[in-house]
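What Swiss-Prot records for this protein:
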- 3-23: transmembrane segment (TRANSMEM)
- 70-90: transmembrane segment (TRANSMEM)
- 100-120: transmembrane segment (TRANSMEM)
- 136-156: transmembrane segment (TRANSMEM)
- 172-192: transmembrane segment (TRANSMEM)
- 223-243: transmembrane segment (TRANSMEM)
- 251-273: transmembrane segment (TRANSMEM)
- 294-314: transmembrane segment (TRANSMEM)
Amino acid sequence: MFTINLLLYIIPILLAVAFLTLIERKVLGYMQFRKGPNMVGPYGLLQPFADAVKLFTKEPLHPLTSSTSMFIIAPILALSIALTIWTPLPMPNTLLDLNLGLIFILSLSGLSVYSILWSGWASNSKYALIGALRAVAQTISYEVSLAIILLSIMLINGSFTLKTMSVTQENFWLIITTWPLAMMWYISTLAETNRAPFDLTEGESELVSGFNVEYAAGPFAMFFLAEYANIIAMNAITTILFLGPSLMPNLSHLNTMSFMTKTLLLTMTFLWVRASYPRFRYDQLMHLLWKNFLPMTLAMCLWFISLPIALSCIPPQM
């Protein structure tokens, strides 16, 4: 029974990731006035399965100078963390109802740094190591802004439980009242998932492919799956925090459809950003966080802390 539950949990996420790669290639294709993949199956719908078969049937090679055990563990850890992040998400029901769901998600996203660092270090390649160091610095930096934004949202929500967010947003979405936080959160999730225009970890012109340059076949596919699973998970969290998952007890299937639609639209925006914007320079990336986002998020957090205290001092009106 445990195995069946595990498969029912993992397979839909992996299928969503597989078709996200197809959607990305199609969207980028049409934005660049070309078709995208259209040969494998009708309209190219079987392309993800062809890619999976190709990657997982090739021989997984590793450099002679690499640290073998760490080199193998890194992609497994990356995919495991990416799949575990989904457990406390209410869609509309959770797999694991945690009281500290948001702290759990923040901790796991912090752990994902280790898989990147290990892969860069174990590859014993200067390109992989530079890519890994960039990724670690970027991820750790943007987690600061993500944590402060989450703290502000939790002050509004009054709980660290994700399920209560739908009750908090019963009358209106939080994106309406906290739109500066929502904008900073969305940009920070782009940086956290190493997506364009913050994809400095895989700057093709200087680092070839970044921290996974020495990976091939199955292990490379695991990193790929982990990256796209994180993208969908981050957009699902954005939907829960700012776009109020619907609360209709009698129409639970509509709740799920609404949640999926919002998440898909946010994910499509990720692809739109990739097609539209050039890559940031590294110093611009860091200045954006430390000189712009950090002061603004701290100011907003102090505002949400001080507002209830200030209002509680007002004497009751007759």
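Using N, Cα and C of the backbone, Cβ positions are placed for all residues, glycine too.
Here the transmembrane segment (70-90) sits against the transmembrane segment (223-243); at least 3 CB pairs are under 8 Å, leaving out pairs fewer than 6 apart in sequence. In this chain, the transmembrane segment (223-243) lies apart from the transmembrane segment (294-314): fewer than three C-beta pairs between them fall below 8 angstroms, excluding pairs fewer than 6 positions apart. Sequence-remote contacts of a segment are chain residues at least 6 beyond its ends whose Cβ falls under 8 Å from one of its Cβ atoms, and for the transmembrane segment (294-314) they are 144-145, 148-149, 151-152, 155-156, 178, 180-181, 184. Residues 109, 138-139, 141-143, 145-146, 149, 152-153, 156, 198, 230, 234-235, 237-238, 241-244, 266, 269-270, 273, 285, 288-289, 293, 296-297, 300 of the same chain lie 6 or more positions beyond the ends of the transmembrane segment (172-192) yet place their CB under 8 Å from a CB of it.
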